[in-house]
Structure formats: C-alpha cells, structure tokens
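Record features (TrEMBL):
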type	residues	note
DOMAIN	5-108	domain 'Dihydrodipicolinate reductase N-terminal'
BINDING	Gly10, Ser11, Thr12, Gly13, Arg14, Ile15, Gly78, Thr79, Thr80, Ala105, Pro106, Asn107, Phe108	NAD(+) binding site
BINDING	Arg37	NADP(+) binding site
DOMAIN	111-247	domain 'Dihydrodipicolinate reductase C-terminal'
ACT_SITE	His135	active site, proton donor/acceptor
Amino acid sequence: MSKLRVAVIGSTGRIGSEAAKAVDAAEDLELVAALHRGDSLDALAEAGAQVAVDLTHPDAVMDNVGYCVRNGIHAVVGTTGWTDERLATLRGRLAESPSTGVLIAPNFSVGAVLTMKFAQAAARFLPTVEVIELHHRGKADAPSGTAARTARLIAEAREAAGLPRQEDPTTHGLQGARGADVDGIPVHAVRLQGLLAHQEVLFGGEGETLTIRHDSLHHSSFMPGVLLGVRRVVDTPGLTVGLEHFLDLD
Ligand SMILES: NC(=O)C1=CN([C@@H]2O[C@H](COP(=O)(O)OP(=O)(O)OC[C@H]3O[C@@H](n4cnc5c(N)ncnc54)[C@H](OP(=O)(O)O)[C@@H]3O)[C@@H](O)[C@H]2O)C=CC1
Ligand SMILES: O=C(O)C1=N[C@H](C(=O)O)C[C@H](O)C1
C-alpha cells in the first residue's frame, strides 16, 4: 500500500520539529516536505503533499490553510488563534473545495481532550467554574486555544442545563486580576519558565470543589493525536473542530 504523503509547516518549531520526526518515523506516512518561516507554500504542491500539518503561528495559519484548501491538500491544524470569524472564512473556502478535509485541534493530547470532556460533564452539576492555563514563556497567544475551547464547551453545557451566567462579586480590583472572560467563564493565563502545557479547571459547589488538572510534560504527548488526525482527515471532508471527533470517547 502506498504511503500517505505528508508535509509539516512550522518544522523548526517546538512542536513542529517533533511532528516532522513522528511523521518520518511512521511506517504508513512519508514526510515529503518540511517548511518553516520564509519558505514558499508552493513547496507543498510541488512535493505532492496529500496532507499538511500546520504548527506555526496565529499570524500565518490562515494563509497556510487557505493555500492547502485551494490546492486540495487536507490540513491538520494545531496552530491557535481561531476566532469565530476565521472559522467562518475557512468554512467558506472549504465550500469551494468540498472534498478537502481540515481538522483544527486545539489540543492533540488525549489527556487534554479528556479534560474538556470531563469538564463538560461536571459543568451542569457545580455552579461556579474558572480555568487556569499554564504554559512555557515562549507562547505567543493567551489564553491558550485549549483553555478558550474548554471555557466555551463549559459555557455551552451550562446553558444547556439552564444554569445562569456566573455573577462576579468583585467590586474593587486591578484590571486583569479576574482573568479574561470567555463566554462568561474566567480564564487565567500563567507563563513560567520550566513549564510546557498545563491546565486546571476548578469547579465549586456547596461546600465542595472539584479540580480537573492536565499536564503535558513533553511534546511527545501531542504526537499520537497528530498522527491520528493525519490518518483520519483524508476521509473526513469539510471542517472538523476538536480531536474528540476522531476518538471513540462514548
Ligand atoms: N494543538 C496542539 O496540541 C498544540 C498546538 N500548539 C500550537 O502550535 C503553534 C506553534 O507552537 P510552537 O511550536 O510552540 O511555536 P514555535 O515558535 O516554537 O514554532 C513556530 C514555527 O512556525 C514558524 N513560524 C512562526 N511564525 C511564522 C510565520 N509568520 N510564517 C510562517 N512560519 C512561521 C516558525 O519558524 P521560525 O523558526 O523561522 O520562526 C517555527 O517553525 C502555536 O500556535 C501553539 O499554540 C503547540 C503545541 C500543541
Ligand atoms: O503553545 C503551546 O505550547 C500549546 N498550545 C496549544 C494551546 O494554545 O492550547 C496546545 C497546548 O496547550 C500547547
């Protein structure tokens, strides 16, 4: 059976370099291109890439994925920065290339996907909730894509359960002290040398708390998800947001 031809964009980066090695080592995949800043995207089509993995920067990802969709190259995207507006633009582009698949995975690690799932389950039982994400000092965006997604999923679960928006009792405080408001959920971002990628979801109810914590201790934690995304996206036309859709979680 012929190998799936895969490119990695952002191949000099922290996660991109790990992804290029993982693709190269996989028996059913062939690493046909490894691009970094300044490389022409035409190298993707010239190399005959069937799937491109984007692990770059929020400033670059829209152009990269746009190129892929225009050229019928499936995309697996870990890069952050996906606003509703950007997603709508991408959906419009995919409508013009209906057989192309794009997976946007806010987090490729199974533990982080499970954290989101468990948080969604807890959301309707415990009325107060805040998210703390903790990352390495090199991270460009805040809050993390994972934290933003987690907060959004919690907010949706709360709304579905008929829970009201959380009241914030703070009347005196410094700006930013209560974090960013993501769909009514406070999200706090820590950037600390020595960390990689971590998240706590803190729930509070009458006389009790529940903390769901996940730690990615090495970029290898993301690789099974990257490879799963590559293998599945070729048979999944259109836009998929979240690796959970490729995992049999129920
Ligand atoms: N979904 C997930 O599970 C994960 C997602 N991420 C996300 O992946 C992205 C990359 O993270 P990380 O590896 O830490 O970042 P790095 O800064 O280490 O690497 C970024 C890579 O993208 C390239 N790049 C940066 N800016 C541009 C640009 N404007 N145009 C083209 N290429 C560019 C860099 O090239 P150069 O070296 O020349 O600057 C480098 O190869 C982030 O959005 C991060 O949040 C990270 C980990 C897991
Ligand atoms: O920049 C990172 O490192 C990570 N980015 C993703 C995010 O913003 O959620 C995934 C993970 O947290 C690592």
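Including glycine, each Cβ sits where the backbone N, Cα and C put it.
The structure, with features from TrEMBL marked on it.
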residue	record	CB count, 10 Å
Gly10	NAD(+) binding site	25
Thr12	NAD(+) binding site	13
Arg14	NAD(+) binding site	13
Arg37	NADP(+) binding site	11
Gly78	NAD(+) binding site	25
Thr80	NAD(+) binding site	22
Pro106	NAD(+) binding site	22
Phe108	NAD(+) binding site	27
His135	active site, proton donor/acceptor	22
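Of all the binding-site residues given, namely Gly10, Arg14, Gly78, Thr80, Phe108, those whose Cα is no farther than the 10 Å limit from the Cα of Arg37 (NADP(+) binding site) are Gly10. With a cut-off of 6 Å between Cβ and the nearest atom of ligand 2, the binding-site residues Thr12, Gly78, Thr80, Phe108 reduce to Thr80. Pairwise Cα distances among Gly10, Ser11, Thr12, Gly13, Arg14, Ile15, Gly78, Thr79, Thr80, Ala105, Pro106, Asn107, Phe108, which the record gives as the binders of NAD(+), peak at 20 Å. The two recorded residues, Pro106 (NAD(+) binding site) and His135 (active site, proton donor/acceptor), have Cα atoms 14 Å apart.
Across the structure, the residue listed as 'active site, proton donor/acceptor' and Arg14 (NAD(+) binding site) are spaced 13 Å apart at their Cα atoms.
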